[in-house]
């Protein structure tokens, strides 16, 4: 498996040899930031196109097929259209909060995105409390959503924001308990160590039944945190027009739209990292030839392949199940998922204490 830290170390040494170390670090930070923004934009375009095609498939139609080959540049045209849209200033809104909200949502998404271990040696933020930082950074987004609902001075926006706040805060508990269950098995919160410790088997298989239960609960709760169907009550168009982004237009609306898809990818990427081995290839005990071939596939291909597989599962859920009521959503969390997650955590602790895992 190729280690990208060799390249990054060489770049750092080259820069520090021709300029002061502080300036070199500043240039590296700028380049990393530009790369994250570029990857963020590319992933958003791919995910939106994938969503439209998957939606078309489940509804027995073609999806976008006019602009470009197989509709491949339809999303780019939509981006250009959105860039030319006017950002409307509301007369009686709280302008500061109204304008701040989209940036808080997108910044929370960026911070969380920067934690993802794309390949060996290719992590922007890799420290010993990475899982804790990811959970903390992802919680910032709910503040932006609440500000959007309040600052818009619109009853539909406020109701949508309150629904979203209740939903995200509730389901964060199940996400946290599911990840904590796996942290007990993993013994670390550093993402690079989490992936490397799965070289001899992915945690979804090593943790017995509790790991599978944690994976299912994580997918359900992660889907709800992203406000994706069937948990899309905050933007239920039949009753709230567009929820908390009703009054937004132009790139302000675009930021919310981007954040939704990238948050879905982050949920999928974290699932791929913690449960499915991240950038670690598939190894089967006793099949040395097969394992050697798998090692030739670059780590980032494994990472994105697993992440997009989980994204497909999330899209499948959205376009299969009908929308739930807000009371059903909260009942599912507090009466079922939280108790099951807590019992599951205790079972995992017992498995680890008595050494019953693989």
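From the backbone N, Cα and C atoms, a Cβ is placed for every residue, glycine too.
Positions annotated as transmembrane segment by Swiss-Prot, on the basis of sequence analysis: 30-50 (among others). Packing against the transmembrane segment (30-50) from elsewhere in the chain are residues 64, 71-72, 74-76, 78-79, 109-110, 113-114, 124, 258, 261-262, 264-265, 308, 311-312, 315: each is 6 or more residues past its ends and has a CB under 8 Å from a CB in it.
Residues or ranges marked as transmembrane segment in Swiss-Prot: 96-116 (among others).
The transmembrane segment annotation in Swiss-Prot covers 129-149 (among others), and the record cites sequence analysis as its basis. Residues 97-98, 100-105, 107-109, 111-112, 115, 157-162, 164-165, 168-169, 172, 175-176, 179, 183, 189-191, 194, 225, 234, 244-245, 248, 256, 259, 263, 266, 270, 274 of the same chain lie 6 or more positions beyond the ends of the transmembrane segment (129-149) yet place their CB under 8 Å from a CB of it.
The transmembrane segment annotation in Swiss-Prot covers 168-188 (among others), and the record cites sequence analysis as its basis.
For 201-221 (among others), the entry in Swiss-Prot reads transmembrane segment, with the evidence type sequence analysis.
Swiss-Prot lists 265-285 (among others) with the feature transmembrane segment. Within its own chain, the transmembrane segment (265-285) is flanked in space by residues 1, 43, 47, 109, 112-113, 116-120, 131, 134, 138, 179, 182, 186, 191, 194-196, 198-204, 211, 214-215, 218-219, 222-223, 225-226, 291, 294-295, 297, 299-300, 302-303, 306-311, 313-314, which lie at least six positions past its ends and keep a Cβ under 8 Å from the stretch.
Taken from Swiss-Prot, the feature transmembrane segment covers 297-317 (among others).
Residues annotated as transmembrane segment in Swiss-Prot, with sequence analysis given as evidence: 336-356 (among others).
Listed as Cβ neighbours of the transmembrane segment (336-356) (distance under 8 Å, sequence separation of 6 or more from its ends, same chain) are residues 171, 173-174, 177-178, 180-182, 184-185, 207-211, 213-214, 217, 220-221.
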